[in-house]
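For 25-47, 59-82, 102-126, 138-159, 179-200, the entry in TrEMBL reads transmembrane segment.
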Amino acid sequence: MAMKTSGAHPGALVTRALPDGAMRLVVSVLLILAGTAVLAIAAKIKVPFFPVPMTLQTLAVVALASAYGARLGVLTVLAYLAEGMLGLPVFTNTPPLIAGPAYFMGPTGGFLAGFVAMAAIVGAAADRGWAASWPKMFGAMLAGEVLMMALGLVWLAWFASLSSGASGLGLSTAFSAGVMPFILGDLLKIALATLFALALSSGTRRAR
């Protein structure tokens, strides 16, 4: 079976190793399904941390994107969101909440959408070979984190205002409740994911 090795960058290891021909689609689908399983499991794992417990979901998003590249990484996140849209209990709060279209209209809807943007940014960096550089990869992951948090913040502020009926509830309240408690944990997670990407890139170079 022919393997695609030319024209790929060291960061997107999985994309580089995909077979050519008809098997490429089959392997890609299997990788996407495996990735959605990783995301679902990561969403359920709660790690004690200060000031609030954290899940491993953002860690899984950036780690998968750094290995898969932009295209496969984004498709994996979209497939994961589609599973939740169809009612599968793949999100952090399902159960007790019920997954489905209504879940996306809840307070975390913006953060879920932000996962797509995060995967696109980190995956594009991996496709460019940035996984070999700690500063570049950390910067890409940080940019993805900031964009994801920004989308989540705007959505959360809108949701809070809608729920309370008070248009005065703004970004500062949403930031204090939905962003600030998670900053330290998310910085730690993207640092760990950067180390993962560097190890992946280093292992790929040694295997050549």
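Note that the numbers count up from 1, one per residue, in the order the chain is shown.
Using N, Cα and C of the backbone, Cβ positions are placed for all residues, glycine too.
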* Which residues, given as numbers and ranges, are at least 6 beyond the ends of the transmembrane segment (138-159) yet have a Cβ under 8 Å from it? -> 58, 62, 65-66, 105-111, 113-115, 117-122, 124-125, 130, 169-171, 173-175, 177-179, 186-187, 190-191, 193-194
* For the transmembrane segment (59-82), sequence-distant contacts whose Cβ falls under 8 Å of one of its Cβ atoms, 6 or more beyond its ends -> 11-15, 28, 31-33, 35-36, 38-43, 90, 104, 112, 115-116, 118-127, 131, 137, 141, 144-145, 189-190, 192-193, 196-197, 200
